[in-house]
Amino acid sequence: MAHTVKIYDNCIGCTQCVRACPLDVLEMVPWDGCKAGQMASAPRTEDCVGCKRCETACPTDFLSIRVYLGGETTRSMGLAY
């Protein structure tokens, strides 16, 4: 089952989430918004099994990456008012 993976702009480009993902759902892409010059991207969300290892690996105080499981609403994702 595919899950929604949202990557926020406070990503520091550390690659921890990419290395933690057992299914290679994530990859790094160029981005000028941080010192590392890259940020995580989730091009293969159809392979996401919702293990949330990427969330656990994220070192930022406010998670840069979130996995929203199938039953979670768009309101919990911050996509609705």
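We number each residue from 1, going along the chain as drawn.
Quick reminder: no glycine exception, Cβ is built from N, Cα and C everywhere.
Over in Swiss-Prot, the protein carries these features:
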BINDING   Cys11, Cys14, Cys17, Cys58  [4Fe-4S] cluster 1 binding site
BINDING   Cys21, Cys48, Cys51, Cys54  [4Fe-4S] cluster 2 binding site
DOMAIN    2-31  domain '4Fe-4S ferredoxin-type 1'
DOMAIN    39-68  domain '4Fe-4S ferredoxin-type 2'
Cys48 ([4Fe-4S] cluster 2 binding site): which of the binding-site residues Cys11, Cys14, Cys17, Cys58 is the nearest Cα neighbour? Cys17
Nearest to Cys54 ([4Fe-4S] cluster 2 binding site) by Cα, among Cys11, Cys14, Cys17 (binding-site residues)? Cys17
Can you name every residue in this chain, apart from Cys21, Cys48, Cys51, Cys54, with its Cβ inside 8 Å of the center of the Cβ atoms of the recorded [4Fe-4S] cluster 2 site? Val5, Cys17, Ala20, Pro22, Leu23, Val25, Leu26, Val49, Gly50, Lys52, Arg53, Val67
Calculate the distance in Å between the alpha carbons (Cα) of Cys21 ([4Fe-4S] cluster 2 binding site) and Cys14 ([4Fe-4S] cluster 1 binding site), and round it to a whole number. 14
Could you measure between Cys14 ([4Fe-4S] cluster 1 binding site) and Cys51 ([4Fe-4S] cluster 2 binding site) for me? Cα positions, answer in whole angstrom. 20
At the Cα level, what's the spacing in Å between Cys11 ([4Fe-4S] cluster 1 binding site) and Cys51 ([4Fe-4S] cluster 2 binding site), rounded? 20
Using the Cβ centroid of Cys11, Cys14, Cys17, Cys58 as the reference point for the [4Fe-4S] cluster 1 site, which residues of the same chain not in that list have Cβ within 8 Å? Ile12, Gly13, Thr15, Gln16, Val18, Ala40, Cys54, Ala57, Pro59, Thr60, Ser64, Ile65
Averaging pLDDT over all residues of the domain '4Fe-4S ferredoxin-type 2' (39-68) gives 87
